[in-house]
Structure formats: structure tokens, C-alpha cells
Amino acid sequence: MAAQVPTEALKELNVGGPATNDKAANPTEGNGVDHDSDDSDEEGEEVAAPAAGGAAKKKKKNKKKKKKKSPTAQSDPPRVLMSSLFPNKNYPKGQEEEYRDENLYRTTNEEKRHLDNLNNDFLTDYREAAEIHRQVRQWAQKNIKPGQTLTEIAEGIEDGVRALTGHPGIEEGDAYKGGMGFPCGLSLNHCAAHYTPNAGNKMVLSQGDVMKVDFGVHVNGRIVDSAFTMAFEPQYDNLLAAVKDATNAGVKEAGIDVRVGDVGGVIQEVMESYEVEIDGTTYPVKSIRNLNGHTIERWSIHGTKSVPIVKSNDTTKMEEGDVFAVETFGSTGNGFVREDMEVSHYAKRGEGHAALRLDSAKRLLNVINKNFGTLPFCRRYLDRLGQDKYLLGLNNLVSSGIVEAYPPLCDKKGSYTAQFEHTILLRPTVKEVISRGDDY
């Protein structure tokens, strides 16, 4: 989920200038696991001692009930609980990369290994969330087709995530334990981020659309944030390739003690080495300079650190223990986004809140606290919980500074934008690209 850079911050960081010369094993897919521990049935007959009349009586067969086998493959659509596919919670690792230069020692350092071993719950939750993201998105990539409504697509992805986490999110507090880390974004063409359909939306995916699919999965508040772009016409291939390569370059550059401004420089250099021809016109691919990657904190999608996607003078260092969403956006337009269209994404702020006078706002805040906490949500999620006539209260929460609204972020109309994103864990011993898969 994209983090937007305030306009005044761009000036302070001196970003957006020309790029300079400053300069993987995939996880197991997890769609099948061996379960050969089922006992074989023992059937038999015992002959009783002869009765008084001399005839032997047979006892009834004592059949043992067959143990129900654990599922070994994901269903289509995905509905098999992830913990059923991995009953020992031995979820696939992400792509592990050794640190470079002065941090290379971390790979074999005993103290760092000990610290890594203390993170068992942290890693288990993250790897489960990542495997759920992989399985749901791979299903989505095979099944999303032009002609579907955006609501169908979003609900298909969200239903899959909820089923695999085992948290449908209907009972009070259930969505807070696991499920969607933030709403499924389906931003089309010039719209780069933060668009998901509200109730009643009839928008249909078309053959000529470029769609960013950005969704999060959380397990116990540990959020995997990963995104990809889909297009159905080959003329957009270079746009998608530029952004995918730029994201991979940013992921490769990231690491402990690396300055985020340098990561942005690497991303921009790769991104802007591409151009794309659309309908006979050639466009340079531009990094969208006021969108950022970001740290992820428990229960909070946007942490305190940002990762620019253009070179900047931001000297903030990445540190051991940080979780980063490295995401990049490329555009054939201005390379700058503005708020546009109807708001769908919201999140409660973590800091202290003002007193509320409106009863509807108080009631809605209680629902948000119990079901989402500081996790982002959308209007459709309130609809699922049976809330109605809540817009007045929701707008009051926004105007009071208690809830933040995230409007769609769009470049100029007629342009096309693309996005790819991975979540990385800066573990004490290695960098783990937790969301890496065979697809991207």
C-alpha cells in the first residue's frame, strides 16, 4: 500500500532530478505437503469360546475409523486453511540474500544467529502470511479476465485471504486476528494507488486496462504487503518490465546500514532506462516521485521510515529488525500523482484522539476499534459487518483527525501507471524477501 510524499518534503529532499551513477532461491510454492502419517485400518474377527450348545459365536467386526487425511493441495478458488496444508507450521522461507561488505559477517556470526532464533513467532507469522499472499495472488493471476467487475475481483481475492487465514472477519474482533492487512487495491490506468470499489460500483475491467493489484495479508498483526500489475495487451509489456526490474533493483540494494536515498537512486536509474510505445507513440517511463516505499510495523501498514523511488539526499539508514515494503511505480505521464476520485481506504490513527460529540461517530469508532484497530479498512468492510448509514459518522471521524482517509492517487488522465512491490525482513543474519514467489 503506497505511502505518499508530502509536496513540501520533495523540495527538502531535492528529489526528482536525473539519475546518477551512484551506485535467489524461490520459496516452495506450498500448494502441496506430504501427510503420510495416517494409520492403516486394522480389521479382524475374534472367535469367542464355544457356548453351552457347542457352537462358536462370532464377535462383530471391530473396525477402526479411518483418520481424515489432511489436505495436500490448495483448492480452486483457494479455500483450504493454510495451517491445514502446513500442520507443523513449517511455512516456506522467502528468498534469503546475504548482506554485503561490512555486514557479510552476519551470515555466520553466532550472536546474530542466536538473535535470529529468538524470532520464531515473528518469522512463523510472516511466512504464513506470505504463503497465503502467494497462493491467493497466483490464483488471481490465472483467473482475472477482462469483463469482470472490479467488485468481483476484489471480493475474490479478499475471500481467499480470509479463508486461508481462517478468519472470515464477520464476528467481532475476528478481522483483527488475521486476514486482510489492508483492502485489495485495484487501480486502473492513470490511477496508481488506493482505489478499491465501494458498494454499488459497476466498473468493469477492460482489455486495454493496466491494473495494479495491491493487497496485504496479516497474521497476528504482521503484515505482508505485495503488489503486481496486470495488462492484457503486449504494448504495455515494457512498462511492466521497467517497474518490475526497478523493484528488484531496490530489493537487491536494500540492507542493514544502507541509506534510503541511495536505494531511491538505484530504483530511478533502472526505471528510467526504459521507454514504452503505446498506440504508436513512444513514452519515457518515469518514476512517480511523490510515492514511496515504507517500513511496516505490527498492526500498522505505514511505519516511520520511507523509501523514495527517485534519488534523494535522505540519509536515513535501514536497520536490523526493520520490515520494509519496497514498492516502485512507473508512469507514462508526469511522474507525479494527485488525490482524485471517491475515497474508499481509511485507517484509524494511532495517536490520541479528540472528544467526539456525534453519536454515530462514537458508535462507528467502537466498531473500528474492535474489528480493525489501526489496520486499514474500506467501506465494503463496514458493509460486511452490517453497518449502514455510517458516512456521516465516518466523515466526522476523518474531520476530527481520528481516522485518516486515503484518496486514490492518480497521474494525468490518459497516462498509464504500473506497480510492483515486495516485503523484506532485515533479519540479524540475512535479508529475507518474504513475499518472493515464482511469479515475481
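Residue numbers in this text run from 1 along the chain shown.
Heads up, the Cβ atoms here are built off N, Cα and C, so glycines get one too.
Positions annotated as substrate binding site by Swiss-Prot, on the basis of sequence analysis: His194, His302. Annotation note: His302 (substrate binding site) sits in a coil segment as assigned by DSSP.
For Glu421 (divalent metal cation 1 binding site), the same-chain residues that are 6 or more apart in sequence and have a Cβ closer than 8 Å to its Cβ are Asp214, Asp225, Ser226, Ala227, Phe228, Thr247, Gly293, Ala325, Val326, Glu327, Thr328, Ser435. DSSP gives Glu421 (divalent metal cation 1 binding site) a strand state. Annotation comment: Swiss-Prot describes Asp214, Asp225, Glu421 as divalent metal cation 1 binding site.
Summarising the annotation, Swiss-Prot assigns divalent metal cation 2 binding site to Asp225, His294, Glu327, Glu421. Listed in sequence order, the residues of the same chain lying 6 or more apart from His294 (divalent metal cation 2 binding site) and placing their CB within less than 8 Å of its CB are Ala3, Ile301, His302, Gly303, Lys305, Ser306, Val307, Phe324, Ala325. Taken residue by residue with DSSP, His294 (divalent metal cation 2 binding site) is part of a strand.
Annotated compositional bias 'Acidic residues' per Swiss-Prot: 36-46, in sequence order.
According to Swiss-Prot, the compositional bias 'Basic residues' annotation covers 56-70.
Marked as region 'Disordered' by Swiss-Prot: 1-102.
The highest number of surrounding Cβ atoms within 10 Å, among the binding-site residues His194, His302, is found at His194. DSSP gives Asp214 (divalent metal cation 1 binding site) a strand state. Taking the centre of the Cβ atoms of Asp214, Asp225, Glu421 as the divalent metal cation 1 site, the nearby residues of that chain (Cβ within 8 Å, site residues left out) are Met1, Ala2, Gly185, Phe215, Gly216, Ser226, Ala227, Ala325, Glu327, Gln419, Thr423. Classification of Asp225 (divalent metal cation 1 binding site) by DSSP places it within a strand. Mapped onto three states, the DSSP output places Glu327 (divalent metal cation 2 binding site) in strand.
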